[in-house]
Amino acid sequence: MLMPLDMLRAGEHGEVAEVSGDPAWVHRLAELGLREGSRLCVVQPGTPCLLQVANGRLCLRGSECSQILVRPVCGT
Amino acid sequence: MTAKPFIVALVGNPNAGKSTLFNALSGLRQHVGNYPGVTVELKKGSTTIGGRPVELIDLPGTYSLAARSPDEMVAVDLLLGRCPEEPRPDVILAIVDASNLERHLYLTTQLMELGTPVVLAVNMVDVAKKQGIAVDVEKLSQSAGLPVVAIQANTGAGLDKLKAALAEAAGQKSPTLAVLPPVIHTEADALHQTYNGDLPPFLARRLLLDVGGYAEKWLTEKHGPSLKATLDSARQRLIDAGHPIPAAEAKARYGWIRQVAATAVTKPSVRAVTATDKLDKVLTHKVWGTLIFLAVMFFVFQAIFVAADVPMGWIDDATGWVAGGVESAMSAGPLRSLLADGVVKGVGGVIKFLPQILFLFGFIAVLEDCGYMARAAFLMDKVMSRCGLNGKSFIPLLSSVACAIPGIMATRVIENRRDRFATILVAPLMSCSARLPVYSLLIAAFLTKDRPFWLPGLMLFAMYLIGFVVAPLVALLLKRTLLRGDTPVFVMELPQYKRPSLRLIVRRMIEAGWAFVRRAGTIILASMVLIWALLYFPHTDAAGQKYEDRIAEVSEQAEKAAVEEEKEKLEQQANEIRGEWKRNSLLGQAGLAMEPAFRPLGWDWQIGVAVLASFPAREVIVGTLSILYDEGDADDEKQERLQNKIASRWADDPVRSKYGVPVALSVMVFFALCCQCASTLAVIRRETRSWWWPAFTFVYMTALAYVAALVVFQVGRVIVDALG
């Protein structure tokens, strides 16, 4: 089941399935570690939201979160 | 060993600990290099390794070499030896954070393709260890094919090893890394052949991989639409081969990194809960986080006000002592007046605020270095997005609290032109450190005596709040009118919290303090001399008699006067002559002529003159007021502090004695909103490459300031009347 990132709640984990949008932006996100296959955890949902990606924290706007599709996974 | 220096370029992600490592390696031997056409500053330092001189260049922090703006391109050009002013570095020192190694190694893989030897410094090993992450340096070095050194930049651990590794790497063969799929190399080689002369192989790859990147923009300008067609067909061929852009690059690089890290990094299966996690729970919380942010800001401003008071008193006393020395050593005349009033008191009145500047920059450095500043930007992004800006505009605006000039220069990180211009145009509204003297002078004069202890800090906070409130509103207005457009995307990294480095903070304070003193010594000194001259001439009255002679004569009579009443009367007369002189001076006449414009704001001609005089640089108002209100100082045994002088002068005046607080607020609000800074306008001209925008900024800010000051005084007057 895929869902937009902004539908995950605080503390929920997900695996990124697809990042769409402006190629330059997709590229930037990939450099920051947010790309297909990477695991993330929502620290704080909303606009902007706070994500834990690998061992770093990223802050992202809600409108952009909806361009990222994730597959919810159990928090491990 | 040879004495020829070798050049080391320091490259890393933001927050990898680059500045700390740079300071630890180069100590005090540092200077800043500027480059034409771009605003990035490259810090340079020097050191010796085994007797051999080494030049260090600190490049701006970056996540990738995929340059999107001229500023990001500077780093790439420098690393490739394409900067005419700089020779190509001999060694690249890549610094990465051990606790987030995979992400940081992304940049390292790009650095390894430049054809220059790379030494990898793995920083913050102990922090990673606490989280259960262990990095095996030996294994990492073997699998990546690079010299790798574990360091602890803040304590200096591992630096000797690092230096040795750098010396050894200089002159060695560069690593050959081919992580990208062969088809990308083939396409890039073809581009390299087509645009030979413009494009080294590395840039040919960037041209191919970065959609809308700087290489593409820059070459499109040069070669026109033919380039677009060539690029599009090359990128289409990559998609057909199963390597779509931009995913292909990330996939290839992270694939390689995963392999390398698999052997060298051991991580706990469950990510440990770190101090950062716990702190962020509170500090980025919508309610608590915002409250804490406001409390921190209030504490900072209150501390600036209270703690700087003592050293400010010393500087004040020293100024008075030097001025007194000049006065007693020289005979009365224009030169003595220029030195004592114009130079010593004028510049001294401004230098006095050095302690506050140092405190402010110290606090900003602490907040930035410990990682809190990014949280503040996170908390503020919601507000910023409401006015059409983003969190990236927050940092330039927040640095404008120190000074609008670096703030405006920092807007270069904003890729969207409209956002950048909106940020530039509102940055001067933020209360810069030069406004601090005006605020603290007037607050000390009117809001300290017999008032609750928290009032000065709260008042100062409120003055800063004006900028924080008005700037976004103006930005919103601009984005709705002159700078219409879509809201761009926004992503930002929040670094881990850490203990701030004392060395870094002290260095920032010294740099800021020195810049302030230098400014006081040049533009402010020049303005003060000019203002002194405009207030000194003409120095003869209608009858052709010199004012100085008249004052000396009356004062002499007063000295000799036997009766106390007689003496007071003569002193009063001397003060009247002084007042007449200032009214008749060139600046006084201009002020009197403009008095009708000042009256609705509650100002007398003296305040008006001081405000007019401070248009080139707003700090000048302090010195100007101290000259203007300096009547009758001669018979005071003790040097009165300027704030008392202003308070007592206003007490003698019917309007300002009753409405002292509204008048002070009106002046402060005017200064909060007005663009009284020639340097800021010059920087806006440079950054926007047009005279239109600085002219616009000046006009809208002056109009806004006038209207706001008018409203404040009129409303204040009504309140005072209502209270009795």
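Using N, Cα and C of the backbone, Cβ positions are placed for all residues, glycine too.
Here's what TrEMBL has on this protein:
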type     : residues                             : note
BINDING  : B:12-19, B:37-41, B:58-61, B:123-126 : GTP binding site
BINDING  : B:N23, B:A24, B:S26, B:G27           : Mg(2+) binding site
COILED   : B:544-580                            : coiled coil
DOMAIN   : B:5-172                              : domain 'FeoB-type G'
TRANSMEM : B:287-308                            : transmembrane segment
TRANSMEM : B:353-374                            : transmembrane segment
TRANSMEM : B:394-414                            : transmembrane segment
TRANSMEM : B:421-447                            : transmembrane segment
TRANSMEM : B:453-478                            : transmembrane segment
TRANSMEM : B:516-537                            : transmembrane segment
TRANSMEM : B:659-684                            : transmembrane segment
TRANSMEM : B:691-715                            : transmembrane segment
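This view paints the features noted in TrEMBL onto the structure.
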residue : record              : contacts (Cβ under 8 Å, 6+ apart)
B:G12   : GTP binding site    : B:K18, B:G61, B:A94, B:I95, B:V96, B:H104, B:L107
B:N15   : GTP binding site    : B:G61, B:D97, B:G371, B:E493, B:P495, B:Q496
B:N23   : Mg(2+) binding site : B:Q30, B:S501, B:R503, B:L504, B:R507
B:A24   : Mg(2+) binding site : B:A153, B:N154, B:G156, B:L159
B:S26   : Mg(2+) binding site : B:G45, B:S46, B:T47, B:L56
B:G27   : Mg(2+) binding site : B:G45, B:T47
B:M124  : GTP binding site    : B:G17, B:D97, B:A98, B:S99, B:Q152, B:A153, B:K498
Recorded stretch, among B:353-374, B:453-478, B:516-537, B:691-715, maximising Cβ pairs under 8 Å relative to the transmembrane segment (B:287-308): B:453-478
Long-range neighbours of the transmembrane segment (B:453-478), counting only residues six or more past its ends (CB under 8 A): 297-298, 301-302, 304-306, 383-384, 386-389, 393, 397, 400-401, 421-423, 425-427, 429-431, 435, 439-440, 443-444, 447, 668-669, 672-673, 700, 704
Positions on the same chain near the transmembrane segment (B:421-447), where near means CB under 8 A and six or more residues out: 304-305, 349-350, 352-353, 356-357, 360-361, 388-389, 393, 396-398, 400-404, 407-408, 411, 414, 455-456, 459-460, 463-464, 466-468, 470-472, 474-475, 478-479, 483, 512, 516, 617-619, 621-622, 625, 642-644, 646-647, 660-661, 664, 667-668, 671-673, 675, 677, 680, 684, 687-688, 693, 696-697, 701
Cβ-based isolation winner (fewest other Cβ atoms within 10 Å) among the binding-site residues B:K18, B:P60: B:P60
Mapped DSSP class for B:K18 (GTP binding site), helix or strand or coil: helix
Model confidence over the domain 'FeoB-type G' (B:5-172) (mean pLDDT, whole number): 87
Tertiary contacts of the transmembrane segment (B:691-715) (same chain, 6+ residues out, Cβ under 8 Å): 421, 424-425, 428-429, 470, 474, 600-602, 659, 662-663, 665-667, 669-675, 681-682, 684-685
DSSP state at B:S26 (Mg(2+) binding site), helix/strand/coil: helix
Tertiary contacts of the transmembrane segment (B:659-684), as residues 6+ beyond its ends and Cβ separation under 8 Å: 404-405, 408-409, 424-425, 428-429, 431-432, 434-435, 438-439, 442-443, 445-447, 463, 466-467, 470, 523, 601-603, 607, 611, 614-618, 621, 647, 650-651, 693-694, 697-698, 701-702, 704-706, 708-710, 712-713, 715-717, 719-720
